[in-house]
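Engineer: Okay, so TrEMBL annotates it like this:
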type     : residues : note
TRANSMEM : 34-59    : transmembrane segment
TRANSMEM : 66-85    : transmembrane segment
TRANSMEM : 105-122  : transmembrane segment
TRANSMEM : 127-145  : transmembrane segment
TRANSMEM : 165-188  : transmembrane segment
DOMAIN   : 165-422  : domain 'ABC transmembrane type-1'
TRANSMEM : 200-226  : transmembrane segment
TRANSMEM : 232-250  : transmembrane segment
TRANSMEM : 257-283  : transmembrane segment
TRANSMEM : 303-326  : transmembrane segment
TRANSMEM : 370-393  : transmembrane segment
TRANSMEM : 405-426  : transmembrane segment
């Protein structure tokens, strides 16, 4: 028996008793639920029949249920997504142009059921979730949902949606790159030096406990003063100087850890300024990197991308540092002894023996960091950094639920897509002998 498929099918059957759509006379008034049984399209019987058959097949042996559950999940997904679009078009044709039709509880439960069933089916058939994924995304991409409220809102903000999406992705990626620049050396230092272990893990863990809005509030005045009182040349002199001193200290055996930390911190500071400039350029804001110009002209201000990037980088540190630390500590001591016995230097032991074995852990930390950061970037809109959270904020302020969905749904979908893509990349990058 496949309990996951059975659970998903039960969720799908439960969904038919909840309202699938919400109809409103205009975008601001409360909606009225439209029940699954009130739909006129015969597609509803395909949805119902698919869940019943999936529940039956869940109790059969693996050989019997494998491909039928995959096909039933895809059929249920295709019928449900088409049903939503068909019924939304019917309701809109019978009302005024100001009316809105939005997904309701039944729709979300049905999509949850599709995900659970396809996840369970994928355990029996390799890549069994691919047909379901195609069945879910094809109808919306082909215009089947054009009459739904979020799609109507998308047409109204089409000129800014793409820009905010790019800004959201850029903030997330730059934050993870900066966190990787300092997180990997910190993880290595914590794994190789027990005196640093507690301090590094406690510090990176502390940032996760600070609420994001509180961290933004602390950063605003600090970055505002820094942006007005320090010029680009002085900032680069300090950060690049720290990096050079750090690299020099790494040549000294007793100061190697301190040197690595200073080099990472200085490089992070310089890279942070470049990242801020790139983000402001993406947002269409003027940026100058003249050495005599104040940092505010380079984009480092109390409001905007700068505090968001600092906060997101700090939040992204913990998964990277922790997974690097755990990965290196999990390397058997015999591997290190064998590497040293072959005449390898400490750096060669790290790069040739330890890192390849810790690589799956490190990649998993990068994946977790990117997915976490992609979700947290939503809050950056509160301090003027843009992103998809901009539409959520506007929707909440105006009481327009469709605008909230326009910002929230892409975040969820893209986060899941990123997670799946990075899992696949991590598997390809992991040596065959280490794959599970």
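Glycine too: its Cβ is placed from the backbone N, Cα and C atoms.
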Engineer: Tally Cβ pairs under 8 Å between the transmembrane segment (232-250) and each listed stretch (105-122, 165-188, 200-226, 257-283, 370-393), then give the stretch with the top tally.
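Structural biologist: By the under-8 Å Cβ criterion, the transmembrane segment (232-250) pairs most with 257-283.
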Engineer: May I ask for the residues of the chain that lie six or more residues beyond the transmembrane segment (127-145) and have a Cβ under 8 Å from a Cβ within it?
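Structural biologist: Answer is 66, 69-71, 73-75, 77-78, 81-82, 84-86, 88, 111, 114, 117-119, 121, 151.
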Engineer: With Cβ-Cβ distances below 8 Å as the criterion, list the same-chain residues six or more beyond the ends of the transmembrane segment (165-188) that contact it, or say none.
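Structural biologist: That would be 200, 204, 260-261, 263-265, 267-268, 271-272, 275, 278-279, 282-283, 305, 308-309, 312-317, 320-325, 328, 350, 362, 365-366, 369-370, 373-374, 377-378, 380, 385-389, 410-411, 414.
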